[in-house]
């Protein structure tokens, strides 16, 4: 007789919880310099000087990870024992060779549940995928280990992944570090909370509609969505596997831009295309990074996407930051939003092209109930024919071409082309669970396959953002819903993220420009 889905859930959680109850010396104070190290560079200096060991670094972060999980329910698969063993191997390597193994030597890393890690499940929040451990590491994990990184744990995500919050029947609800009644975002929400609470130094998530950038925005982090093909997706489990027209991408999340940049550069310089034939052999372009690290920028600005107006704190932070950019000598250009709605519509049609069959099959394998957002997704429409899919792809290509033409035609008052865009990450800050409905500000750039970095630009402040919202007349149902969520009394102090956006394969440009932007924060 098949086991009930509730029995499987109970067993999976019991295995995780048993690993979390094991003592790793939490009663012994760790070196305060470890957690105080703000980024990889600072940690590397401590390790190189032998002020701390990799083992001590991992132990300190295990303690923080356990605290973060107790507070937010962010972890799924635990590999603390393996992490400590790896850390001791790194210490032995340094003792023998007198140097660190690689640019990520001893860096505690966490992974969204999707990434295959040998011996552990990649469930995607599906009960039916429990107790089917990966036979080998995915390419990204193999390379991370070669670079010296230490994998601590895997983190929670929503059922079927495709949502901006983090909840599923298998692992349960992940909550915001500041308020258990609020969502940390998603779908890389477990990463967002773990990083925000110092349980990891570098996280890796995935993004098909904002899944790296939304939790980064809500948790005060930096989150980088590259174009498809810069980082390996080989052996990373995903819903709707085979749907490649709107590709999910892998990207880093961290508390600092320097960590994002170092991790991105190290991963690209590792030449993962030798292990993953889907990647183009595109090396790190130092000259491009250096150029945009220094040159005055021309920035297209879009505070309103034309569909859903952002809340007052988002608008205030955006406009204040624009003033800083102009004062620093950068040129700002208003951005045309006329193609945005078409981009979102085409993207949504790709999500449901199979009529929900892929998700239904995974759900049938476990027998658990559908989360409301998943039920809504699979009920949205019937599968389309191959010919209809071809026509949809043609519309996508035509719209991408039109957007590119628009970008090329947009110039500053001095006649210079636009380098990057500045855009809100979301129309609101963190909000109550199960109320997120509109990630259009992030989805736009998945449809275009652009490079986009979300960064913490400010916070909602009751003293500055207590404005009357009743005077605004919403444009549509999504806009009305968004405005119904605004409550500055409850949103006071929550992070506000903005995005720097470049075109396809412009990762070095975006990161270089971001370092200029960071100086103004």
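The backbone N, Cα and C atoms fix where each Cβ goes, and this holds for glycine too.
Checking the candidates 187, 232, 239, 258 against Swiss-Prot: the one annotated together with 208, 209, 210, 211 at the substrate site is 187. When the recorded positions 208, 210, 211 are compared by Cα distance to residue 112 (active site, charge relay system), the shortest distance belongs to 211. Local packing around the Cβ, expressed as the count of other Cβ atoms within 10 angstroms, is greatest for 210 among the binding-site residues 209, 210. There are 29 other Cβ atoms within 10 Å of the Cβ belonging to residue 112 (active site, charge relay system). In this structure, the C-alpha atom of residue 210 (substrate binding site) lies 8 angstrom from that of residue 187 (active site, charge relay system). Residues 187, 208, 209, 210, 211 are recorded as binding substrate; their most distant pair of Cα atoms lies 9 Å apart.
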